[in-house]
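Undergrad: Pasting a structure below so you can have a look.
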Amino acid sequence: MSRIFTTDHRRLGVLYLYLSLAAVVVGTLLSLLIRIHRIWPDWRLPVYGLMKPEDYLALVTMHGTLMVFFVLTTAPQSGFANLVLPAQIGGGRMAFPRLNAAAFWLAVLSFVVLLAAFFVPQGAPISGWTHYPPMSAVSASGPGQGAGMDIWLASIGIFCLSAWLSAVNLLATILTQRCSGMSWTRMPMTVWGWMVASILTLLAFSVLLAALLLLFSDRHLGSSFFVPMGDLVNGRIVGHGDGSPLLWLHLFWFFGHPEVYIAILPGMGLATSIFANFARRTVRGYRTMAGMLVAIGGLGLLVWGHHMFVSGMNPYAGTAFALTTMAIAVPSTVEVLGWLALLSRGGLRLTTPMLFALGFLSFFIAGGLTGPLLAQPALDGYLHNTFFVVGHFHLVMAMAGVFSIFAGIYYWFPLLTGRRMNELAGKLHFWISLFCAYGTFLPMYFSGLAGEPRHYERLAGPATNFAGILANERGITFSALTLGAAQLLFLWNVFHSARRGEPAGQNPWQATTLEWAPPDAPLRVTHGPYDYEGFSAVTKQDTFSSEEILCQWEAASKQE
Amino acid sequence: MPATFTRHSVEVERRDPGIGGKPPVDRRPTGGGGDGDNWDDHQSGRRGPRELLSRYRLGVLFAMAGDLMFFVAIVSAFFVRQSAGHFDARDNYVSDWRPLAVPPILWLNTAVLLLSSITIEIGRRQLFREIDVMEEWLGLGRPAVKRAAPWLLATLGLGLLFLAGQWIAWKQLVLAGFRFDSPDPSSHFFYLITGAHGAHLLLGLVALIAALIGLSRLKRVELRQIAVDCTAWYWHTMGLFWIFLFVLLVWFQ
């Protein structure tokens with residue numbers, strides 16, 4: 001029991017990763033069902049039978065909810081931060097261990113409650129992870145809008161509390177537990193990422209909680225915040241007053257957009273650290289890079305309206321949101337240029353974590369470049385409800401986020417188990433995943449440009465008349481199935497290497513951040529974010545010798 | 001005296017590196033240094049006897065920042081809903097917002113809550129009186145606890161009084177025909193705002209009771225201080241939030 005109900009942050013980090021693993025397995029299976037349904041809509045599922053339209057929508061909703069909350073938010077933020085943050089800032093412990101454990105168990109509770117939605121009458125919720133009213137506010141508006149929707153509200157409400165406690169703990173830890181010499185400008189970039197993401201969590205999830213409360217009140221307490229006057233649902237007039245569905249969109253996206261950055265900022269910090277480590281250079285423009293992470297977080301709070309261009313929002317507001325959204329491209333570009341500058345001088349060691357970090361960069365560029373396109377209200381009017389948007393957020397948020405999670409797992413695996421993961425399997429996993437991820441999500445740009453709508457259960461009528469749409473769909477599905485299958489390689493690698501992997505030694509990557517310091521090293525940061533006393537003590541007894549490290553480095557490079 | 005009058009030794013060194021007029025070698029890798037602060041030995045974070053206390057205070061601060069956003073979201077919805085309306089068939093603008101007459105007892109409740117903030121602050125300060133704390137450290141009895149406990153009990157009573165007052169306000173509103181499920185959006189917001197704040201205050205009462213138990217049970221002085229201090233800051237924050245919400249309900253309907 002003490003191993004499970006622990007307050008040890010490392011164990012909690014592992015438990016968080018297990019939670020994410022459970023969620024990602026369920027979420028991936030749901031997404032594969034979605035893809036299969038798109039090319040064989042009349043295929044009967046083995047036990048279940050024919051998939052009805054509402055089942056398809058329920059799959060989309062649950063896939064989105066599981067992936068966004070329990071994978072992209074949980075693993076990089078709470079999971080990795082619990083695993084390494086205390087060691088990385090030389091503090092060794094969290095500020096509030098019991099609060100931390102409470103946050104984890106709330107997340108588990110939220111996950112279990114969410115899965116329960118599959119098993120209630122009328123089934124899981126169907127209105128997408130954004131749950132736009134008035135449909136979501138009226139229990140009688142369709143299947144899945146009854147108990148399933150209430151369960152979704154309860155689950156996400158619990159998740160809000162969990163994320164909130166976790167963020168309080170992380171912020172207090174970063175502020176109070178840093179070791180001697182680790183000033184603000186000497187924190188590793190991962191810590192900057194976690195810190196900005198935690199601030200966003202505090203600000204955004206609180207707003208979501210308020211929105212959930214209002215929606216719950218609309219559904220059960222007879223209020224009418226989101227249901228417009230005289231709204232007709234299933235032949236009945238619903239709602240009591242002049243509620244505004246737009247109000248929900250504002251509240252939801254004020255959470256929903258920062259959520260994207262909560263998912264990606266830890267990955268950005270991690271990629272910076274991994275690039276610096278495997279290119280053997282200090283971070284170029286450290287202060288700028290850290291500042292840009294903060295700028296992305298700050299601007300991220302001001303752009304929610306770009307999800308609402310087609311919602312009937314005031315067009316002048318659309319202009320303002322278009323400007324703030326395009327402004328985000330500036331710090332993001334600075335980050336990308338910073339990474340390219342860091343990588344530009346050759347001598348990279350292409351280990352598996354490095355490959356996944358490069359994959360992250362590649363997806364960040366490929367998905368990010370379409371962001372400014374969608375930031376134009378006029379273009380968005382055409383593209384918004386097409387697969388273009390699906391391709392965009394799956395590349396920039398989902399794939400970039402997942403690749404940063406993979407990078408983190410391959411990178412910190414020796415820290416957890418004392419063993420390295422199999423490099424060959426890792427590289428194979430990387431290349432298959434990279435090609436299949438592009439094979440899955442890049443064609444969505446083309447089908448979106450051709451006008452293929454999203455949220456449709458099946459393609460019929462004029463949409464299928466575009467030459468190649470169905471062929472494109474088939475290609476996407478086969479690519480997605482391969483992508484899913486390739487992850488079995490990763491699972492095998494994790495569980496095999498944890499027991500049989502090659503012993504890693506103290507610091508297999510010659511990393512310079514504190515979590516790799518030997519247990520007895522004096523923890524005092526002396527020069528920069530990637531330079532501490534203990535590291536030089538390991539490489540050479542007294543003084544820091546770059547020659548020495550270079551020799552080790554070259555020897556290690558030759559082994560690769 | 002402004003610092004510019006006396007040139008710091010580091011500054012002198014940088015102005016005149018003594019290498020024949022070449023620019024000085026800036027040996028700062030990432031920052032820090034140069035401003036007279038010895039960054040190499042800089043203690044980051046907080047250390048010392050108050051470290052634990054300040055850590056918990058920070059936790060309360062961050063939690064309350066998130067909570068503030070919760071109320072800000074509800075208040076934003078309040079203003080949006082207030083200005084929502086539609087045009088009827090004759091092109092008249094119709095708004096269903098009927099301002100709700102706030103029950104006068106809320107003024108009394110506000111006074112009670114303000115009073116409770118004062119009592120808890122007095123109680124909180126008792127735990128930081130140096131002479132008393134010193135005596136507790138030395139094991140010469142528990143003067144600070146004895147001084148603080150009555151004030152915390154008074155706060156508990158006043159908090160209960162406030163909640164009872166809010167309940168009476170709800171009852172009065174129901175009698176006046178404003179129920180939660182009545183069609184007036186202003187009454188939804190009234191119940192929602194007072195309800196959410198009341199739930200927070202209930203949590204504050206639980207914290208107060210926990211602090212009172214902690215005062216008698218906790219062995220270490222600083223833990224007793226933390227229990228009372230964090231409860232007090234939470235309580236003050238709820239008082240501030242209430243002022244904010246009360247002003248909203250009274251003057252911005």
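Cβ atoms here come from the backbone N, Cα and C positions, even for glycine.
Per TrEMBL, domain 'Cytochrome oxidase subunit I profile' is recorded for A:1-522. The transmembrane segment feature in TrEMBL is assigned to A:12-36, A:56-75, A:96-120, A:151-172, A:192-216, A:260-278, A:290-309, A:321-343, A:355-375, A:395-416, A:428-446, A:476-495.
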Undergrad: Under 8 Å, at least 3 Cβ pairs, sequence separation 6 or more: does that hold for the transmembrane segment (A:428-446) versus the transmembrane segment (A:151-172)?
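TA: By the criterion, they do not touch.
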Undergrad: So, does the transmembrane segment (A:12-36) come close enough to the transmembrane segment (A:151-172) to give 3+ Cβ pairs below 8 Å, pairs being at least 6 apart in sequence?
TA: no
Undergrad: Please report, as numbers and ranges, the same-chain residues at least 6 past the borders of the transmembrane segment (A:56-75) whose CB is under 8 Å from any CB of it.
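TA: Same-chain contacts beyond the flanks: 16-17, 19-20, 22-24, 26-27, 30-31, 33-34, 37, 107, 110-111, 114, 117-118, 123-129, 131, 144, 148, 152, 155-156, 159, 163, 259, 262-263, 397-398, 401-402, 405, 455, 457-458.
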Undergrad: Of the stretches A:96-120, A:192-216, A:260-278, A:355-375, A:395-416, which racks up the most C-beta pairs under 8 Å with the transmembrane segment (A:290-309)?
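TA: When the Cβ pairs under 8 Å are tallied, A:192-216 comes out ahead.
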Undergrad: By Cβ distance under 8 Å, which residues at least 6 away from the ends of the transmembrane segment (A:395-416) in the same chain are close to it?
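TA: 10, 14, 17, 20, 67, 71-72, 75-76, 80, 83-84, 260, 263-264, 266-268, 270-271, 274, 351-354, 356-357, 359-360, 363-364, 366-368, 370-371, 426, 429-430, 433, 437, 441-442, 490, 494, 497, 501, 504-505, 508-509, 515-516.
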